[in-house]
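To keep things clear, I will list the structure first and then write my remarks on it.
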Amino acid sequence: MSILDGLLDGFATVLSPENLLFAAIGVTVGTFVGVLPGIGPALTIALLLPVTFSMDSPTGAFIMFAGIYYGAMYGGSTTSILLNTPGESASVATAIEGHQMALRGRAKTALATSAIGSFVAGTLSTLALTLFAVPLASLAVNFQASDYFALAVLAMLSVTALVGRSLLRGLLSLAVGLFIGLVGLDELTGQARFTFGTLELFEGIGVTLVIVGLFAVGETLHVAGRLRHLPDHIAPLDPGGRRVGWMSRADLSRSWRPWLRGTAVGFPFGALPAGGADIPTFLSYMWEKRLSKHRKEFGKGAVEGVAGPEAANNAAFSGVLIPLLTLGIPTSATAAVMLASFQVFNVQPGPQLFEKSSALVWALIASLYVGNVMLLLLNLPLIRLWVQVLKIPRPPLYAGILVFATIGVYAVSGSVFQVLLAYGVGVLGLFMRMYRFPIAPVILGAILGPMMEIQFRRALLISNNDLSVFVTRPLTVTLLALAVVAVVLPFLPKWIARLRGRSRDRLAFGEDD
Amino acid sequence: MPMPAMTRRRLVALVGATALTAVTTGCNAEGSGPAAEYPTGTIQIMAPAAAGGGWDLTARSIQQGLTEGGLVEETVEVYNVEGAAGTLGLSQLVTKNSGDAHQLMVTGLVMIGGVVTNASDVTLEMVTPIATLTAEQEVVVVPADSEYETLEDLMAAAVSDPESVTWGGGSAGGTDQILVGMLAQAAGADPQAMKYIPYSGGGESKAALLSGDLTAAVSGVSEYKDLVAAGDVRVLATSGAEGVDAGEGKPSPTIMEAGFDVELMNWRGIVAPPGLSDADRDAVIALIDELHASDEWQRILEQQGWDDFYKSGDDAAAYFASENERITEVLREIGLAA
């Protein structure tokens with residue numbers, strides 16, 4: 001069956017009233033789940049799984065699950081932008097510029113560029129999934145441990161874009177994140193590290209918990225501490241005016257390139273068997289900051305810094321489906337739960353899925369196109385509703401955030417210890433805010449630190465402790481070279497200028513250095 | 001109508017005793033409904049792992065079998081306590097739920113490894129064994145273009161030059177590493193010299209095998225079925241007493257048949273907290289016996305592709321004990337246990 005035939009059949013299945021309803025339920029539930037801090041798509045799908053046991057055909061269930069996943073990616077940006085409280089790692093990069101935009105009365109624009117960007121990226125990446133799923137999968141599985149290490153090095157460099165005003169503070173934040181990543185059982189030897197004999201810490205400190213703690217709890221404490229000195233409401237709503245949707249012509253022209261670049265970063269990253277949606281959002285943020293003609297605006301609400309990462313996290317989702325469907329390899333928590341749900345219905349994702357269950361797969365892919373349209377139609381009007389959140393006076397608003405954050409952490413872990421841990425991380429977040437340490441590098445460190453360490457040690461184990469493994473594999477070398485270029489290139493003009501004695505500019509990453 | 005606590009407990013005891021007679025005399029519980037007074041409230045089943053995993057699915061299937069199968073009228077709830085290969089959940093069951101027959105927990109071979117490698121104070125010997133339910137064989141696979149055609153080839157290489165064979169599978173101290181350790185023992189190699197790389201989650205080791213990082217991978221049979229059928233990987237052996245179809249369309253050779261004295265089943269079962277009265281214990285066992293005999297459970301087994309591996313009551317207790325001893329010994333040989 002050709003791709004076109006399959007896709008048309010898929011659309012025929014999806015466009016039935018029943019399946020459209022499942023898609024609509026999925027994207028709506030997903031959007032709201034994404035908005036709530038801590039409660040992610042993985043937990044939601046796991047909770048809904050037993051409900052689907054009684055369904056006759058799995059198609060509806062998968063359409064709904066895909067909708068939840070996508071919807072959560074759309075919804076995740078909302079609280080990041082409005083309240084600076086991202087609910088999961090893939091929206092952390094969005095919060096940096098997005099919340100600054102909201103503080104300057106441009107919340108609607110930020111939400112619009114994120115919704116439209118998500119739509120553009122979701123649709124383009126679904127198209128890429130439709131056309132190239134199988135060849136991409138066979139390319140992606142060629143990544144070995146040393147390549148993943150090089151990739152982590154490259155991604156780690158995006159910290160240079162996240163440090164904000166001071167490189168030293170940024171690196172200290174990164175170190176905190178790296179330390180958090182160390183806690184727990186060492187994956188290779190099973191040795192406990194920094195657990196102080198507490199079984200609860202054996203699994204390590206979850207990145208979601210760190211995010212909820214640092215952002216939701218930390219922000220609440222910070223606001224509570226300064227309540228008397230702050231205006232009643234978080235931010236003014238932006239004035240009207242002639243706009244395309246909620247975006248001005250200028251915003252649109254500054255957004256479309258980041259949307260495409262975000263898609264280009266997000267999709268292949270998602271397709272890697274050890275990828276995920278968070279790393280490409282940081283890479284996209286770095287890329288946008290480097291390329292932007294409005295570099296001065298970064299840190300103060302640059303629209304590119306929202307458009308790029310939001311496109312990247314949605315594109316990554318379509319990418320995640322590639323190893324899941326073609327190899328049966330889940331690369332994120334949500335994908336793992338989806339894999340389990342496939343197995344419940346006796347559908348085994350893998351090389352034979354497209355032959356054995358082609359109707360199901362094509363229906364799933366077709367539902368992604370439909371889901372994207374639905375999400376755009378749902379989210380653009382919702383912007384008007386979401387921004388009303390900014391009109392809520394601070395005390396009840398942040399009380400609500402704290403309640404949702406607590407419920408979120410407890411719902412995922414079922415453990416009071418984890419809730420207290422999140423509060424503890426929140427206190428850390430408070431002090432980091434008070435002393436103007438950037439928060440995002442902590443998250444980057446907590447995500448990338450463990451990946452970098454494990455892959456480095458795995459590569460060495462496999463090569464019998466021969467370090468040359470990092471310079472003999474072409475792919476590894478290419479990635480490491482890219483990393484060097486990414487560090488050096490932006491400073492090359494300055495260096496050359498300095499060498500010729502023309503410029504007295506200091507070399508600095510952070511603006512205060 | 002509320003009953004005084006004493007009376008209710010005595011009633012449960014009485015019914016439990018009847019159930020015991022029913023089981024021990026061999027006339028199975030079918031239809032007789034011996035668990036009339038158990039449960040007397042909501043049954044809570046703990047899956048000591050994240051939602052979506054094997055233990056979680058087992059717990060939810062038990063829930064489905066009990067309620068959909070019409071075996072209990074009371075609510076059955078499933079909750080997850082994630083962490084440390086299940087030992088976190090185990091310690092919670094032992095410390096918080098002692099004596100409560102309505103608190104059950106799913107367990108399995110992996111938990112024995114978890115208790116040993118995490119040096120947990122709370123062990124599986126402390127709980128009240130109820131039954132083993134399902135089991136899955138392990139499979140040893142190599143990439144399709146591997147030079148190793150048989151398990152003997154692979155083990156010969158692993159014995160003569162342990163560094164030349166990179167093994168991969170699930171977490172440190174888990175079923176997969178245990179099997180590699182047992183294979184090394186049986187082949188006469190030093191289990192500690194085996195180069196085993198643990199991966200979290202089923203997919204990661206699969207990706208590593210396909211990328212060429214690994215020489216051979218060990219996992220549950222179902223994990224690689226599709227890749228085997230597609231011709232991407234080759235089965236060397238499965239770990240049970242009888243060969244199963246690991247994707248080749250015919251039963252694959254067992255490790256025994258390949259000449260190594262190793263048999264390992266990744267079993268899952270259910271336990272109750274410590275401190276149960278004999279009557280309570282028997283009532284729970286009777287209910288699970290009934291579950292196992294139900295059509296609904298057989299349907300679930302088939303749907304999930306699980307092998308029936310049922311031992312209950314004293315059989316289960318004996319099996320838990322023997323597995324505990326055997327697995328602890330292997331882990332000691334691998335160097336993962338003191």
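Including glycine, each Cβ sits where the backbone N, Cα and C put it.
Residues or ranges marked as transmembrane segment by TrEMBL: A:20-49, A:61-83, A:111-136, A:148-164, A:170-189, A:201-218, A:320-347, A:359-378, A:398-425, A:437-456, A:476-497. Here TrEMBL flags A:20-444 as domain 'DUF112'.
Sequence-distant contacts of the transmembrane segment (A:170-189) (same chain, six or more residues past either end, CB-CB distance under 8 Å): 159-160, 162-164, 195, 201-205, 210, 428, 432, 437-450, 453-454, 457-458, 461, 509-510. When Cβ-Cβ distances under 8 Å to the transmembrane segment (A:437-456) are tallied for each of A:20-49, A:111-136, A:148-164, A:398-425, A:476-497, the top count falls to A:148-164. Ranked by the number of CB pairs under 8 Å to the transmembrane segment (A:476-497), the listed stretches A:20-49, A:111-136, A:148-164, A:320-347, A:359-378 are led by A:148-164. In terms of C-beta pairs under 8 Å, the stretch of A:111-136, A:320-347, A:359-378, A:398-425 lying closest in packing to the transmembrane segment (A:61-83) is A:359-378.
Looking at the domain 'DUF112' (A:20-444) alone, the prediction's average pLDDT is 85. Tallying C-beta pairs under 8 angstroms between the transmembrane segment (A:111-136) and each of A:20-49, A:201-218, A:320-347, A:398-425 places A:320-347 first.
The recorded stretches the transmembrane segment (A:201-218) and the transmembrane segment (A:359-378) do not share 3+ CB pairs below 8 A when only pairs 6 or more apart in sequence are counted, and are therefore not in contact.
Counting Cβ pairs closer than 8 Å to the transmembrane segment (A:320-347), the top stretch among A:20-49, A:359-378, A:398-425 is A:20-49. Long-range contacts of the transmembrane segment (A:359-378) within the same chain: residues 6-7, 9-11, 13-15, 19-20, 23-24, 26-28, 31, 58-59, 62-63, 66-67, 70-71, 74, 115-116, 118-119, 122-123, 126, 129-130, 318, 321, 325, 347, 353, each at least 6 residues beyond the stretch ends and with a Cβ under 8 Å from a Cβ of the stretch.
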